[in-house]
Amino acid sequence: WIMGHMVNAIAQIDEFVNLGANSIETDVSFDSSANPEYTYHGVPCDCGRTCTKWEHFNEFLKGLRKATTPGDSKYHEKLVLVVFDLKTGSLYDNQASDAGKKLAKSLLQNYWNNGNNGGRAYIVLSIPNLAHYKLIAGFKEALTSEGHPELMDKVGYDFSGNDDIGDVANAYKKAGVTGHVWQSDGITNCLLRGLDRVRKAVANRDSSNGYINKVYYWTVDKRQSTRDALDAGVDGIMTNYPDVVADVLNESAYKAKFRIASYDDNPWETFKN
């Protein structure tokens with residue numbers, strides 16, 4: 001999965017997919033009542049990027065729905081996965097469940113079109129703080145009470161705080177999650193980070209009793225760091241330059257081993273060689 005980083009304006013969806021992304025990451029900020037409010041990152045952000053592009057969250061969802069609904073004039077067949085980077089740092093821990101409920105209702109109405117031919121992309125809820133694990137139960141509860149528990153089949157999870165792998169496993173246990181797990185590891189492109197924790201995550205993914213289904217690394221903008229991540233065995237690379245990652249995947253060393261995921265590739269299934 002080539003994951004376009006910080007896609008917060010509707011116009012950027014086309015831009016990143018046209019550069020080669022089959023997945024995008026979008027920032028979600030919350031108001032003081034735990035309502036998802038804007039797709040907005042803010043300053044500071046990655047080096048070489050504008051940090052302040054934004055939409056109202058529900059408007060972004062409508063644009064995203066068009067981009068992922070077959071038959072729509074804005075449809076991109078290639079765009080199959082969306083990571084919502086949930087900026088829950090502004091919330092109290094006891095608001096996490098409410099944030100999950102409100103997020104689910106927004107998605108149900110504006111993205112899934114109340115279950116009636118909505119957007120088809122798989123969704124990853126990326127949570128920065130292990131203490132906010134109740135967001136997951138709140139999300140599930142709202143979809144169930146609104147009569148659409150089946151949409152949970154399209155939803156996966158990520159804890160993005162670079163926590164110890166054992167602590168992450170424990171948070172999922174508390175959240176009652178037993179699958180659909182993406183594990184992120186990374187740092188802003190302004191700084192360097194080694195691949196030690198990525199290798200631990202990949203080892204967990206490939207073990208018989210691990211909790212991880214997929215591993216992605218962020219934010220990778222250079223050819224050499226792309227190669228290093230692929231050599232470590234990641235499933236996804238988040239990047240500001242999807243064309244760079246696409247170019248590396250076309251190199252003979254990687255062409256035989258990797259391909260770009262399509263809609264038919266289940267993002268919740270661990271890939272077995």
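The backbone N, Cα and C atoms fix where each Cβ goes, glycine too.
According to Swiss-Prot, the protein has these features:
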type	residues	note
ACT_SITE	His5	active site
BINDING	Glu25, Asp27, Asp85	Mg(2+) binding site
ACT_SITE	His41	active site, nucleophile
DISULFID	Cys45-Cys51	disulfide bond
DISULFID	Cys47-Cys190	disulfide bond
CARBOHYD	Asn250	N-linked glycosylation site
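Mapped onto this structure are the features recorded in Swiss-Prot.
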{"residue": "His5", "record": "active site", "Cβ contacts under 8 Å, 6 or more apart": "Glu25, Asp46, Arg49, Trp218, Thr219, Met238, Thr239, Asn240"}
{"residue": "Asp27", "record": "Mg(2+) binding site", "Cβ contacts under 8 Å, 6 or more apart": "Met6, Asn8, Thr39, Tyr40, His41, Asp85, Lys87"}
{"residue": "Cys45", "record": "disulfide bond", "Cβ contacts under 8 Å, 6 or more apart": "Met6, Cys51, Thr188"}
{"residue": "Cys47", "record": "disulfide bond", "Cβ contacts under 8 Å, 6 or more apart": "Thr188, Asn189, Cys190"}
{"residue": "Asn250", "record": "N-linked glycosylation site", "Cβ contacts under 8 Å, 6 or more apart": "none"}
Across Cys51, Cys190, listed as disulfide-bonded residues, the smallest other-CB tally within 10 A is for Cys190
Surrounding the recorded Mg(2+) site, with Cβ no more than 8 Å from the Cβ centroid of Glu25, Asp27, Asp85 and those residues left out, we find His5, Met6, Val7, Asn8, Thr26, Val28, His41, Val83, Phe84, Leu86, Lys87, Ser126
Asp85 (Mg(2+) binding site), Cβ-centred 10 Å count of other Cβ atoms over all protein chains shown, is 25
The correct three-state DSSP answer for the residue listed as 'N-linked glycosylation site' is coil
With neighbours defined as other CB atoms within 10 A, the best-packed of the recorded positions Glu25, His41 is Glu25
Once DSSP output is merged into helix, strand and coil, Glu25 (Mg(2+) binding site) belongs to strand
